[in-house]
Amino acid sequence: MKMKAILLRQFIKPSPNCYGSEGKSIFSRHSSLFPLSVFRCFRTKTVSRCNFRAKIQNINMLDDALCVYDSMSRIRPLPSVTQFNRLLSQVVNLEEYSAAIHIFNDINCDLGVSVDDCTMNIAINCYCLSNRVDYGFSILGWFFKLGFVPDVLTYDALLKGLFREKKISEAQGLFRKMVKEELCELSVVTYGTVIDGLCKSGNTPMAIEMLRVMENWSCKPDTDVYNMVIEHICYSRSCVDSALKIFDEMCEKDIPPDEVTFKALISGLCSRSRGRRSEVKMLIKKMIGNEIYTDVFTFNSYIDALCDRGLVDEAKDVLDIMKQQNVKPNGFTYSYFMDECCKQGRLELARDVFYSLRKLDYKFCPHVFGFDKLIRSLCEEGLVDEAKDVVDFIKQRKGVLDVFTYSSLMDGYCLQGRMDEARNVFDSLSGMNVALSIRSYNILIKGYCKKMKIDDAMDIFRKMPRKGVKPDVTTYNTILQGLSCGGRFSDALEIFDELQAVGLNPTFDTYSNILDGLCMNGQFERASLFLDELERREGKCLDITYYNIIIDGLCEAKKHDAAQAFFRNLSAKGVRRDVVTYTIMIKGCFQNGLPEEAKDLLVEMEQTSLLPNETTYNVVVQGFLMRGEYDAASKFLDKMVAKGFSPCSSVFGLMLDSLDIKEHDSPIFKFIRKWAPSTLTREDGSKIWSRKSTKKKKGGNQLYH
């Protein structure tokens with residue numbers, strides 16, 4: 001039987017126009033009916049009469065329908081046309097329109113069943129749903145020839161077909177004819193079809209006008225009709241205020257809004273560039289007040305829509321309402337919310353929600369995407385222990401963690417220098433049969449290099465190919481930087497050669513690391529030659545950052561004259577110096593006891609339309625403070641603050657270390673009292689200033705905490 005159904009499927013195609021200009025049927029036993037004839041020829045046993053109504057009701061797929069039709073077509077006398085109509089309706093419900101049309105043809109021509117108006121309506125509907133409304137009108141002509149009177153269902157199908165094929169003017173013409181000639185009694189469905197078609201074709205004003213016509217006629221619009229207009233206005237991002245006005249009219253006329261109404265309005269309010277939080281909250285409360293109790297999935301769609309538009313506070317309101325209504329949020333609910341919180345930098349809010357959900361007395365399975373973002377954000381803020389709590393929570397709730405989540409946790413440990421814990425996470429992944437990604441390796445290698453554990457980094461680096469992971473250019477750049485900073489420049493050059501040998505292209509970071517390594521090892525001439533070679537290869541001047549590396553290296557090595565010469569030579573090369581270039585040179589001048597030259601560079605910098613940035617001002621102030629020139633430092637501090645910049649904590653610390661606190665009238669002391677934060681800390685975390693405590697040290701008058 002299954003093979004027969006497959007054979008029929010091979011033959012079923014949209015049938016040609018079956019009606020001549022005179023309305024006569026041109027169905028042929030030798031064309032479109034052939035497939036069903038072939039289908040039936042497989043059956044040789046006599047089929048007994050049975051309860052076809054029950055069989056038709058149990059149809060779930062096309063093969064079932066074809067089997068039932070085969071049985072019906074073999075019984076004599078044939079079942080009534082009503083039974084065949086029921087079968088056709090089931091096939092239409094399966095959206096198998098082509099099959100329904102072929103069965104209709106076979107019933108009419110091969111079996112000789114006298115079709116009725118219901119059969120004809122089904123056929124018209126099938127053609128219209130197949131985007132062949134012209135065939136539908138052909139059947140309408142035959143409709144009249146057989147003496148049937150088309151009813152509202154007939155015209156509704158034709159209207160829908162015209163709108164589906166974007167034949168708006170023809171649809172409007174048919175509707176006007178229906179009204180003018182009173183072809184049938186119009187129903188709510190008829191008006192709804194026209195309104196829906198007008199909305200989908202972009203004719204919203206005409207749809208609203210049609211709605212007003214309905215309101216004044218005996219056929220009043222119902223909730224579905226109002227929803228059509230409201231949905232189109234809201235989802236097409238038209239003026240949501242007009243949708244709200246229609247909603248108010250519904251309520252005034254005691255037409256009950258449903259879940260579709262509220263969902264469309266909330267989506268429309270969410271789509272505004274600036275969320276209308278109070279109105280969203282009001283609508284949700286009104287929905288609950290109307291006893292439209294929605295489930296977690298609908299609430300999730302609201303939260304997702306709000307988060308998608310960055311409306312975190314509104315989403316939090318919905319989350320609170322869910323709890324008030326005893327609708328239990330699931331993993332998706334929290335994931336949507338926390339993901340958007342972290343994207344917007346609202347980490348504190350995401351943390352609050354996480355700690356509140358830990359206290360819930362019901363369990364759900366967390367979905368990793370939102371929690372992964374929370375873990376990354378916590379690690380970036382140095383809250384790696386909290387990130388570990390989130391990981392443990394997900395594991396306890398049977399959530400699935402991927403390699404990206406574990407890599408984020410590793411990165412958090414590495415940023416804090418907690419390499420043993422980072423390595424434990426790394427090793428645990430191998431034990432869990434989780435495929436380690438290139439990112440996982442790069443994070444661990446970078447962590448080891450940052451802690452100057454170069455041998456451990458190299459060990460991981462060399463194991464990568466054996467684990468089936470090919471190092472990328474980021475891996476090589478990280479190793480290069482670690483070796484250079486660790487003073488192992490000969491090894492760095494070997495890695496540089498290896499990078500090119502494996503077919504990877506050096507990047508900006510690659511060349512920067514090589515130059516940095518050369519300078520750190522005092523090989524300035526070689527660095528300059530390397531830069532010249534790069535210039536020849538590129539055929540143009542390089543990024544100013546490369547030149548800044550060499551200037552900075554010369555200044556740090558106290559080779560001020562060489563740095564000055566290199567700095568001046570940039571103009572001759574046609575290289576445009578930037579703020580960083582000047583800041584490096586100004587710092588070098590102070591380090592070499594040349595404050596006047598530093599001032600000259602500052603003036604020259606401004607003359608070339610380069611404005612000092614916050615780092616430049618901090619360098620200048622530090623330079624004057626270290627020389628004990630407090631008045632000059634104070635003047636630059638005033639300039640700095642006037643331009644909206646702030647001194648760094650190291651500058652404040654230097655001021656405190658350099659001043660005699662007896663000088664309470666000192667401009668520097670006044671500056672500290674006015675501008676210093678309530679608490680300052682050194683890089684090691686120790687406090688160097690607190691407004692809460694200003695005590696005197698023994699043997700001196702220094703402020704300390």
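Every residue, even glycine, has its Cβ placed from backbone N, Cα and C.
Unlike curated entries, TrEMBL annotations are predicted automatically.
Copied over from TrEMBL:
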type     : residues : note
COMPBIAS : 689-699  : compositional bias 'Basic residues'
REGION   : 686-705  : region 'Disordered'
REPEAT   : 151-185  : repeat 'PPR'
REPEAT   : 187-221  : repeat 'PPR'
REPEAT   : 222-257  : repeat 'PPR'
REPEAT   : 295-329  : repeat 'PPR'
REPEAT   : 330-364  : repeat 'PPR'
REPEAT   : 402-436  : repeat 'PPR'
REPEAT   : 437-471  : repeat 'PPR'
REPEAT   : 472-506  : repeat 'PPR'
REPEAT   : 543-577  : repeat 'PPR'
REPEAT   : 578-612  : repeat 'PPR'
REPEAT   : 613-647  : repeat 'PPR'
With DSSP, how much of the repeat 'PPR' (578-612) is helix, how much strand and how much coil, in residues?
26 helix, 0 strand, 9 coil
Counting only residues 6+ away from its ends, which parts of the chain sit with a Cβ under 8 Å from the repeat 'PPR' (330-364)?
296, 299-300, 303-304, 307-308, 310, 312, 315-316, 319, 322, 370-371, 373-374, 376-378, 381, 386, 390, 393, 397, 399
Reported in the order helix, strand, coil, what are the DSSP residue counts of the repeat 'PPR' (222-257)?
26 helix, 0 strand, 10 coil
Same chain only, please: residues at least 6 beyond the ends of the repeat 'PPR' (578-612) with a C-beta under 8 Å from a C-beta of the stretch. Say none if there are none.
544-545, 547-548, 551-552, 554-555, 558, 560, 563-564, 567, 570, 619-620, 622-624, 626-627, 629
What counts of helix, strand and coil residues does DSSP assign across the repeat 'PPR' (543-577)?
27 helix, 0 strand, 8 coil
